[in-house]
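Swiss-Prot annotations:
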- 13-266: domain 'ABC transporter' (DOMAIN)
- 57, 58, 59, 60, 61, 62, 63, 64: ATP binding site (BINDING)
């Protein structure tokens, strides 16, 4: 039986660690509490630019909590307390002088369940751009470009100005949410189990899209699906009980894990 005390006694196992120069995000000594319950324990990890990093681990291990710490979404939960730093392009986003709303403009997020606005497809994608003051032909050009990058344009080009985003299929709605997120050109895109509510065909479309997105963006994805992590990611983090147990290139984590707990999880002995 794996205990928290046993995990905390061991340092994170790191294979081919990411250098400071390679990192878009540098997490240093991050701990987080929901009220009196500690959810993350002294996590330090770097997320490299233009790569996909997957976060895996059993339910309740802190995957989504870590992900939401990267754009301060956890601030919205009453009673949250954070220690440590999250450096985004060298700036600690938890510095009291940093506006969390401004942070979220730079860091896009796609949730487990598609959440399109009750607006037209066009207005869904235009929403963030309008907040930035983009208007006229530039607005339309950027909406179309985002829909193309999200592999949705060909399916909606004849109706995107008049049809509600709520009328799209589940897979299309998720791609619409991705288009909305990338329209404002965020260097970092966070995805919290983006395909868990989708059928296999829609899942394949999103996975193909993730592989394309890393050419322009840095992507961090939380997934319960280990096969998905193996397919789409360059690096993988394995978490358990709020502790970062092991991190490294995805191929290493899945074929030659160094930590016995990682191996036990990968081979299905717990989880």
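Cβ from N, Cα, C; glycine included.
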Given the binding-site residues 57, 58, which one is most crowded in terms of C-beta atoms within 10 angstroms? 57
Residue 57 (ATP binding site) falls, by three-state DSSP, under coil
Fewest other C-beta atoms within 10 angstroms, as judged across 59, 64, which are the binding-site residues: 59
If you count Cβ atoms within 10 Å of each one, which of the binding-site residues 60, 62 comes out on top? 62
Report the same-chain neighbours of residue 61 (ATP binding site): residues 6+ apart in sequence with Cβ closer than 8 Å to its Cβ, ordered by sequence. 239, 240, 241, 242
Cβ within 8 Å of the ATP site's Cβ centroid: which residues qualify beyond 57, 58, 59, 60, 61, 62, 63, 64? 239, 240
Within 10 angstroms of the C-beta of residue 63 (ATP binding site), what count of other C-beta atoms is obtained when all protein chains are considered? 25
